[in-house]
Structure formats: C-alpha cells, structure tokens
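As recorded in Swiss-Prot, the features of this protein are as follows:
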- CYS52-CYS62: disulfide bond (DISULFID)
- 208-228: region 'Disordered' (REGION)
- MET68: site 'Important for the formation of tight-junction strand-like structures' (SITE)
- 25-74: topological domain 'Extracellular' (TOPO_DOM)
- 141-159: topological domain 'Extracellular' (TOPO_DOM)
- 2-24: transmembrane segment (TRANSMEM)
- 75-99: transmembrane segment (TRANSMEM)
- 116-140: transmembrane segment (TRANSMEM)
- 160-182: transmembrane segment (TRANSMEM)
Amino acid sequence: MSMAVETFGFFMATVGLLMLGVTLPNSYWRVSTVHGNVITTNTIFENLWFSCATDSLGVYNCWEFPSMLALSGYIQACRALMITAILLGFLGLLLGIAGLRCTNIGGLELSRKAKLAATAGALHILAGICGMVAISWYAFNITRDFFDPLYPGTKYELGPALYLGWSASLISILGGLCLCSACCCGSDEDPAASARRPYQAPVSVMPVATSDQEGDSSFGKYGRNAYV
C-alpha cells in the first residue's frame, strides 16, 4: 500500500511541476478590458515578463518590460519565487526517480530509498509553497488596485494563469506529502535490515557426566577380558 501511495505522490508531484512550468510563461496572468477605445485597443493582458494588447481586429502586439529595475518589487519577487519553485521541483523529480521502490538505480537499499523519497517530497512541498506565495502575492496586488477607487492606472482582473498556478502548487504540495510518507514505513519493510545485524553463534550447554557414566566409561576402558 505504501508503494502505491509513494508512486501516486511522485506522479502528482510530476504533474504539479509540469503545470508550474506552463504557468510561468503563460501570458494571461492578469487581463483588462479597456472600454474607452474599442478601435485601437480592446484587451490588455500581462504576465511577469511582457505585456500584450489586442485591437478590435484581433491583432495583438507584445512588448517586454523595458527595465527590470523599473518594475514593481512584487513582480521581481514573483519571478524569483516561480523560478525557485521550478528548480526545487526539478531537483525533487530527480531524487524521486532514484528514491522510488519500483526503480533500481545504483542498487540502493530500501532505507536509503526512503530517505531520498522523503527528501524529494520535502523539495516538492517547498516548490508548491513558493509557487503558492508568488501567485497569491500577484493576485493580492491585482485585487487591491481593482478595488481602490483612487488608483489612476489601468485596472486588471485575475487571469486564467493564476488559477492554473494555484492548482499546480496544491498538487505539488500533496504529491510531496505522499512522498514524505515513505520515510516512515521504508525502514520497517527493509528485508536487508536483518542481514546487516551481527552474527551471533548459538549457545549450547554441554551435559555434565554422572557417576554411572564414569563407571561405564572406566569399564569400557579395560575391556571384558581384563576380569577373566
């Protein structure tokens, strides 16, 4: 049962990592509909790297942000958190492949495989937390500006990439928790643990010779012809 949970957790963590990788370059982190000028610009959508605008004919133009230092602090932090989440998830994926019990890489014992699987699970949990913090922080700034009546700039709404990122972070955390469960039961099911115990020779108690046995042995020593 634990092997099935471990394999399922690895599958969930892999899916979460792939979804995080799709979320990062997605263009629809925030979307805004501009009602004032429907001839030239209809919709503006942005992500962490660039901004795009579509006109009424369906033609869109994209441009990257001009300077990283000129960006808001939360956008720079979200970039760093998302990249960190993907790197942690990728490292956890490599350790998870080596730590699964259904794989045979390097001839590792089950106890060591359990430790590798638990480490991979912890990395996936950290990756999910980093992604969750980045996306929630970005969404908080969108909603704060949207409900601020004194905000002079363009107001945006939550884009579909944020919902994808929230789902990816949650899946990564759940997959990491399933992988961490292997650390608890991996050592108990290790058949090689008993083989590593030191050898103990069996203790046998020698019987003490009685007087009758001594008499028989002395009689047998002289033989029958000695008394004839």
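Cβ coordinates come from backbone N, Cα and C, glycine included.
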The topological domain 'Extracellular' (25-74) [mean pLDDT, rounded to integer]: 80
For CYS62 (disulfide bond), the number of other Cβ atoms found within 10 Å of its own Cβ: 14
Residue counts (helix, strand, coil, in that order) that DSSP gives for the topological domain 'Extracellular' (25-74): 2 helix, 18 strand, 30 coil
